[in-house]
C-alpha cells in the first residue's frame, strides 16, 4: 500500500462530507434541530442559538463509508477495522441520543450523567471483550523509553478510563466554531502517521478517513458556523481517537498528541476544585477556550491559537515515538 491510497482515502472522505452537508444542513434546519446556547456563556454566543446541530452524523457517515470502501478495495477487513467502527459509531449513537433529548425533547441537560456514563461503560466493556477475544497485548509502554508494564486483566480499567475520560475530554473541546474539527484533524493525522509507520494500514486508513471527514465538516463549521457537530460528533471522535491509541499501543502518547483535549479538561477540573475549596475561580470561565474569549480574544484568534498548539503537540508526539 502506498501514500496515494492514504491521500485518496482522505480526499474521498472530504468529498463525501462536502457533498452531504448542503443537503443535510437544510434538512436539520427544517426539523428545527437547533443548538441551544447556555445563558451563562459568552454573550457573543447567543447569536448562534438555533444553528443546526447533530452535524456529527455527516462525519460518521462519511468516515464509515470511506473506511468500508477502502478496506474492501485495498486490503481484507481486520478486527481492528470492526473495533474502530464499533466504538466510533457506538459513541456517536450515544451522543445522538443525548442531542436528540436536548434538541427535540427540549430537555436542556440531555442524558443524565449516570445514563451517559452507563452507555460509555457498556461500549468500553464490549470493546474489551473483543480486545481479549483477539488476544491483543496488555503491555503499556512509556513513550521515548524502554520502560513497559504488562497490566494483564487490569488493562480493562485502562480501557474504561481512557474511553470515558477521552470521549468527555474531546467533548469539552467542542465549544467554538471549528475548534474541535481542526484539533481533531491534527490529532488523527498524527496517529495516521504513526499507524502507517507501524505497518498498521487498517488503522492508518481509518485515521485518515476521519481527517478527511472532519476537514470536510470544517468547511461548514468554521466561523461563522453553519452547523455544529453536537455530542453526536464529539463523543464519536473521542471514542475513535482513544481506540486508535489503544490499537497502536500508543496509549500514553495520547496525553501528548491530544494535549489540547487534556488542557481543556484540566482547566475544568482546576476550576471546579478551586471554586469548591476556596470559593474563587481560577479562570473567567471553563473550559479554557471560553476564558480567552472573556479576556478579549476574538473567537477566531482562540481557535487558530489552539490549532497551532495542537499541531505542536502532534509534532512532539511523532518525534518522541519515531526518533527518540
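Easy rule for this one: first residue shown is 1, then count along the chain.
Keep in mind that glycine also has a Cβ here, set from the backbone N, Cα and C atoms.
Remember, it's a predicted structure, so these values are computed and weren't measured experimentally.
Going by Swiss-Prot, these are the annotated features:
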TRANSMEM  5-25  transmembrane segment
TRANSMEM  55-75  transmembrane segment
TRANSMEM  81-101  transmembrane segment
TRANSMEM  122-142  transmembrane segment
TRANSMEM  147-167  transmembrane segment
TRANSMEM  176-196  transmembrane segment
TRANSMEM  203-223  transmembrane segment
TRANSMEM  227-247  transmembrane segment
TRANSMEM  250-270  transmembrane segment
TRANSMEM  302-322  transmembrane segment
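Among 5-25, 176-196, 250-270, 302-322, 5-25 has the largest number of CB pairs under 8 A with the transmembrane segment (55-75). The list of residues near the transmembrane segment (5-25) in space but at least 6 beyond its ends in sequence, with Cβ under 8 angstroms from a Cβ of it, reads 52, 55, 57-59, 61-63, 65-66, 69-70, 74, 192, 196, 204-205, 208-217, 219-220, 226-227.
Sequence-distant contacts of the transmembrane segment (176-196), counting only residues of its own chain at least 6 positions beyond either end whose CB sits under 8 Å from a CB of the stretch, comprise 6, 170, 203-204, 207-208, 210-211, 214-215, 217-218, 221-225, 229, 233-234, 237, 240-241, 244-245, 248, 250, 253, 257-258, 260-261, 289, 293, 299, 302-303, 306-307, 310-311, 313-315, 317-318, 321-322. Within its own chain, the transmembrane segment (81-101) is flanked in space by residues 33, 53-54, 56-57, 60, 63-64, 67-68, 71, 107, 110-111, 116, 119-120, 123, 126-127, 130-131, 163, 167, 171, 202-203, 206, 230-240, 242-244, 247, which lie at least six positions past its ends and keep a Cβ under 8 Å from the stretch.
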